[in-house]
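Reviewing the structure listed below.
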């Protein structure tokens, strides 16, 4: 066992230059507003290099923060001095990363000459190869649309599911934040589900006889590759700009939806950096241009992780959208359908009230463009693993998410506008 762990650690060093040995994820539940303000001040202390996986919002809501080993004692002493209770959610982040890397390498060996394993995490190259396989195996149903290239010149490939004709469309994307690996895996499983079950599953057949589906499994390909090869905790794009040594923009703060407002940072080194202007990121602009040119997209759905949430506009402001009642009803039904499979509970509501105010988000942009059915999923889990969800949870996550997606898609089909 010791040799196995040593090998895994060595492989982690080779494949992922930045290690997180001794880093801990703390769970904090602030009890009042003063503690919220204190945690927000702590978040602003850049020298501590804290990574807030779940930021402070309101009293009683859980906060998760990854604390580098070098800052652990200082942070714990500070929390105790302020009377803020905490517990350790992840004892050593690197242990989970080593296990994750070992599982990926084992799966790569197992897949050689065999079938694609949808219950494993994959490289970008492997994902793109499987997308090509789906197109080749389903020529009358699935095609590949290239939106262009990422900042580092990787293709942005979309799968189009269509039975022909000029139909209204549903847009579904995943992986806009690089480190949220379960979203890319869920999207690819969903693509296979749609392709495999058309013609035999009445629900999928009915949907595709009425609607086209455009699915982008990896919205941020550069960030995804970087998260696998260099820094597992990477969130942003990989764009570079003169005058700053910090790399990347938060692509879900870069849309033209109250750009630069609350919940987005003007600091290029922040994980929530909104970028120099709306749509500055080629990955965002490519989607914007495609959606606008298509002209008949009726639903815009994006997959994130984690926290088990199903949200709709608005994020950039805390007022209800005009279609609040309908969006809330659809989301509640989708969450109920999802829960029936494995008992996974989702919280439902507008972004601003469910998590926090955040400007420049994709579904706010889509809704303001006139795409009424705009939703964001935050997939599993709520604690324990955070962004490092074990591969064994990919399948149940994808299966239950599909039930929520299907509920939304059926509503879109039955309520044309």
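In case you wondered, yes, glycine gets a Cβ from its N, Cα and C as well.
The Cβ of residue 378 (active site, proton donor/acceptor) has 21 neighbouring Cβ atoms from other residues within 10 Å, across all protein chains displayed. Look at Swiss-Prot and you will find 378 tagged as active site, proton donor/acceptor, backed by sequence analysis.
The substrate binding site annotation in Swiss-Prot covers 177, 178, 179, 180, 235, 252, 253, 305, 306, 356, and the record cites similarity to another entry as its basis. Shown in sequence order, 53, 180, 182, 378, 379, 380, 381, 382, 385, 386, 387, 389 are the residues of the chain, 6+ apart in sequence, with a C-beta less than 8 angstroms from the C-beta of residue 306 (substrate binding site). The DSSP secondary structure for residue 306 (substrate binding site) is coil.
What Swiss-Prot records for 177, 180, 304 is Zn(2+) binding site. DSSP assigns residue 177 (substrate binding site) to coil in the three-state reduction, placing it in neither a helix nor a strand. Within the same chain, residues at least 6 positions away in sequence whose Cβ sits under 8 Å from that of residue 177 (substrate binding site) are 220, 223, 235, 236, 250, 251, 252, 304.
Annotation source Swiss-Prot lists disulfide bond at 246-269 (among others). Cβ environment of residue 269 (disulfide bond): 46, 244, 246 lie under 8 Å away, each six or more residues apart in the same chain.
Swiss-Prot lists 318-352 (among others) with the feature disulfide bond. Within 10 Å of the C-beta of residue 352 (disulfide bond) we count 21 further C-beta atoms, all protein chains included.
As annotated by Swiss-Prot, domain 'Peptidase M14' applies to 120-412, with the evidence given as sequence analysis.
As annotated by Swiss-Prot, signal peptide applies to 1-16, with the evidence given as sequence analysis.
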**Prompt:** According to DSSP, does residue 378 (active site, proton donor/acceptor) fall in a helix, a strand, or coil?
**Reply:** strand
**Asked** Averaged over the whole of the domain 'Peptidase M14' (120-412), what is the pLDDT?
**Response** 97
**Request:** Identify which of the binding-site residues 179, 304 has its Cβ surrounded by the largest number of other Cβ atoms within 10 Å, counting every protein chain shown.
**Result:** 179
**Complete:** Using a 10 Å radius on the Cβ of residue 235 (substrate binding site), the other Cβ atoms enclosed count 21
